[in-house]
Amino acid sequence: LLLYILDSAQSYCFFNNSLSHVSLAVNRLFATVLFRFNFFTNSRTVSISIVQHFIALTFAIVFQYFMSCCRQEFEYSIFNFRTALIDGVPDDTYFIKLSIKATCSLLPFIIYCSSLTLTRRRKQELKYSLPNISLITEQIRFAAQFALIAVLYTLSWLLFTVAPSSTVS
């Protein structure tokens, strides 16, 4: 029972981390492209965070307790989740989990690419206004750092999804 609860908690943490990449990308979109620095007020940020936690908790509960085929189990030898299947029941969660991971990677990718493109264009338009240039340069740097984090996240789930199948017997 304790391992089941730990697996559920780790599943929740994974989904929450995945959703946080989308939240970070949206934050950078408002800061770098829309210049709406005051959009993320205290109350709005807390509300978004609560919704994000609720969605992650919902995903974790549905995958752990309501999917008839299997449950998520943390595999310590590969430091990744694996699906513990029930004999004779097909895995109907694989494509759902894959689509969640892909969405949490694709949305930030689209947002960061459009943010960097639009911000660089804006920087060239304002090249003679030094205060604006330094602000835009700083925002580009922040967006690039978060984009790198999103790329590393995507590579990690892709590699952990593909590689363990050939290393675990």
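Note: Cβ is positioned from N, Cα and C throughout, glycine not excepted.
Sequence-remote contacts of a segment are chain residues at least 6 beyond its ends whose Cβ falls under 8 Å from one of its Cβ atoms, and for the transmembrane segment (20-39) they are 48-49, 52, 103-105, 107-108, 111-112, 114-115, 118-119, 136, 139-140, 142-143, 146, 149-150, 153. Positions annotated as transmembrane segment by TrEMBL: 20-39 (among others).
Listed as Cβ neighbours of the transmembrane segment (46-67) (distance under 8 Å, sequence separation of 6 or more from its ends, same chain) are residues 4, 7-9, 11-13, 15-16, 18-20, 23, 40, 92-93, 97, 100. Positions annotated as transmembrane segment by TrEMBL: 46-67 (among others).
Summarising the annotation, TrEMBL assigns transmembrane segment to 98-119 (among others). Within the chain carrying the transmembrane segment (98-119), a Cβ under 8 angstroms from the stretch's Cβ atoms is held by residues 15, 18-19, 21-22, 24-26, 28-29, 32-33, 59, 136, 139-140, 143-144, 146-147, 150, 153-154, 157, 161, all 6 or more beyond its ends.
As annotated by TrEMBL, transmembrane segment applies to 140-160 (among others). Within the chain, the transmembrane segment (140-160) has long-range Cβ neighbours (under 8 A, six or more residues past its boundaries) at 17-18, 21, 24-25, 28, 31-32, 78-80, 101, 104-105, 108-109, 112, 115-116, 119-120, 123.
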